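In TrEMBL this protein carries:
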TRANSMEM  20-42  transmembrane segment
TRANSMEM  54-75  transmembrane segment
DOMAIN    95-219  domain 'Phospholipid/glycerol acyltransferase'
TRANSMEM  342-366  transmembrane segment
Amino acid sequence: MAVTLEQAQRVGYTCLKALLRFAFMVANNLVAIPSYILYLIMLQPLRVLDSKSFWYIEGVLFKWLLAMVASWGWWAGYTVVEWGDDVKAVSEDEAMVLVNHQATGDVCTLMMCLQDKGTVVRQMMWLMDHIFKYTNFGIVSLIHGDFFIRQGRAHRDQQLVLLKEHLEKYYRSRNRKWIVLFPEGGFLRKRRETSQAFAKKNNLPFLKHVTLPRLGATQVILKTLVAPQENGTPAGRDAVIKESKSKGLQWVIDTTIAYPKGEPIDIQTWILGYRQPTVTHVHYRIFPVKDVPAEPEALTHWLYQRFIEKEDLLTHFYETGAFPPPQGQTKAISREMTLSNLWLVGIQSLAFLSGGMWYCILQYFYHCLF
C-alpha cells in the first residue's frame, strides 16, 4: 500500500512534535529537579529551627513539580472528566485513596486531576513500586517521603513492617493528609490472568477490567493511621496519633480510572504526545473510615467488594462512554477538570529561571574555589 504525501506529512509532524516534546521534558527535568534539591539544601537550617515551615515549603515545591508533569499531558490534549463524589469536600481531612492500576499514565492522571483539590498534592504520600525509585523523579519522591514497595511474596511481610515504620516516622511529622495506593499490586495486563485463576480457585467473581486487590498495605495503613474507636474497634498500640490536632484517617476514597475503549495512556505517550487528544474519566466514591471493618476477614471482603464495584463501573463505562448514576438517582453528573495555562506557564518559567540562577551560583563558587 503506497503512502500518500498527506500521510507522510502527518507522520513527520508527529515525529517532530514528539522529538520537541521529549527535548522539553529533558530540559524541564534538568532544571526543575536539581532546583528542588538545591532549594531544600539551602533551607536545611529552617528544617532544624521550624520543621513545620520547612515541610510546608517542600510541599509547595513538590506540588509545582507534579504540576509540570501534569502540564506535559495537559498541553497534549489529555484531559480529565470527574464523576461521583466531590473529593474537594474532604481535601483538608486525612484520607486513603484506593486506585485501580492499568498503566504508568495512571500516576500522571492523578498528578493532574488532584492539582485543583486544595492542599492535597503538597500534603500527600504515594505508595509506589520500588522501580520508580530509580527513575528521574525517584530522588524527589524519596525526599518528599513517599514509600517504595517491593512486590512479590518473598518480600511481602518485610515490606509491610517497613511500611508501618515509615508511616510512624514520616506521615504526621511531615503533616501528610492523603495517602495514595494501588491495591492490585501491579498493572492490569500483568496481573489479570493470575487474579482470575485465584478467583476461580476460591469461588470469587471473574473480573476483566480490574484484578482482586491485596490486603496487606491497606490493612497496615488503617491500623497505623486510624484514630482509636474511629472504625468501631480500639486502635490500640498500632495507631499513631502523635499530633494532638490530628483526627486520624477519616475517609477512604475509592477512585476508578477509565480510559476510552479501555486503552490506557502510558508515560511515553504522556511525554511524547503522539496519541490524539484523549479524555480520561475518573470516578470517586467516599467512605467514612468508621464504616470500614478492622478485622482482616471482614476487611478483605470489603476491599473485594470495592473492586467488584469498580468492575461494574468500568463495564458500564466501556459500554456507554459514561459512568452510571449513583444508586437512587437517575442521572450521573460529570465535572470537567481544568488547569490554568497561565499558572502552568508561570511554574515552568520559575523552574527555568531557578535552573539558570543555580547554574550561575554554582559557576561562581566553582571559579572562587578553583
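Placed from the backbone N, Cα and C atoms, the Cβ positions cover glycine too.
Predicted automatically and left uncurated, TrEMBL annotations should be read as such.
DSSP labels the residues of the domain 'Phospholipid/glycerol acyltransferase' (95-219) in these numbers: 61 helix, 18 strand, 46 coil. Long-range contacts of the transmembrane segment (54-75) within the same chain, counting only residues at least 6 positions beyond its ends with a Cβ under 8 Å from a Cβ of the stretch, are 21, 25, 28, 32-33, 36, 39-40, 43, 46-47, 105, 108-109, 111-112, 115, 119, 121-123, 137, 140, 143-144, 174-175, 265, 270-271, 273, 339, 341, 343-344, 347-348, 350-351.
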